[in-house]
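Features of the protein shown, as given by TrEMBL:
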| type | residues | note |
| --- | --- | --- |
| DOMAIN | 6-113 | domain 'HIT' |
| BINDING | H12, N31, Q87, G93, Q94, T95, V96, H102 | substrate binding site |
| MOTIF | 98-102 | motif 'Histidine triad motif' |
| ACT_SITE | H100 | active site, tele-AMP-histidine intermediate |
| SITE | Y118 | site 'Important for induction of apoptosis' |
Amino acid sequence: MTLEKSFFFGPHKICPTQIFYGSKFAYGLVNLKPIAPGHVLVVSKRPVARFTELTPEEVSDLFISAQHIGRVVEKEFSGDSLSVVVQDGPYAGQTVPHVHIHVIPRRQGDWKNNDEIYDDLNKVDNDDRKPRSALEMAQEANMLREHFPENRC
Ligand code: AMP
């Protein structure tokens, strides 16, 4: 199933081909510059910048969505653990001012020192992190979308 509606992620218009999951208050999109295979984002449908701006229903739906999505990306990308990260505000590393959860499959030894994952999360504009092609992102979203037949966008 292709999700027809596109959404904004902060200032970025997200193409429907990048979106693989939809719930009442949240959507899931593949990452333009993932720091690990299967690094995806779970985004509040309502475009607010800060976590405190979400209602209890939105918080609940966002995290339940992250739980569903985490289960799928951990399995599909052969992880053994997950990093589930919210950078809430610019001084916490947030670069896109729209509430989102990073869900990142983890494996033993993937980062030499575990907390270095945060250094990499914060190197969004680093030259080493080339944006992926629309085709690559669409292929990943197609694969993930198959796991969510109840999508609601
Ligand atoms: P943060 O720095 O916590 O706000 O995270 C922003 C995330 O959004 C990073 O993982 C970026 O790679 C990702 N990102 C930025 N623009 C896009 C986009 N147009 N589509 C998908 N992911 C994006």
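Residue positions begin at 1 at the first shown residue.
Every residue, even glycine, has its Cβ placed from backbone N, Cα and C.
Keep in mind that TrEMBL annotations are predicted by a computer and have not been checked by a curator.
The shown structure was predicted, so the numbers you read here are calculated from the model rather than taken from an experiment.
Proximity to Y118 (site 'Important for induction of apoptosis'), judged by a C-alpha distance within 10 Å, picks out none of the recorded positions H12, N31, Q94, V96, H100, H102. In sequence order, F9, G10, P11, H12 are the residues of the chain that are 6 or more apart from V96 (substrate binding site) and have a CB within less than 8 Å of its CB.
Within 10 Å of the Cβ of Q94 (substrate binding site) there are 19 other Cβ atoms, across all protein chains.
In the three-state DSSP assignment, the secondary structure recorded for Y118 (site 'Important for induction of apoptosis') is helix. DSSP assigns V96 (substrate binding site) to coil, not to a helix or a strand.
Ranking the recorded positions H12, H100, H102 by how many other Cβ atoms lie within 10 angstroms of each Cβ puts H12 at the bottom. The average pLDDT the prediction assigns to the domain 'HIT' (6-113) is 96.
Annotation note: N31 (substrate binding site) sits in a coil segment as assigned by DSSP. Comparing the binding-site residues N31, Q87, T95 on other C-beta atoms within 10 angstroms of each C-beta gives the minimum for T95.
The record assigns H12, N31, Q87, G93, Q94, T95, V96, H102 to the substrate binding site, and the maximum Cα to Cα distance across that set is 18 Å.
Residues of the domain 'HIT' (6-113) grouped by DSSP class, helix first, strand second and coil last, total 30 helix, 32 strand, 46 coil.
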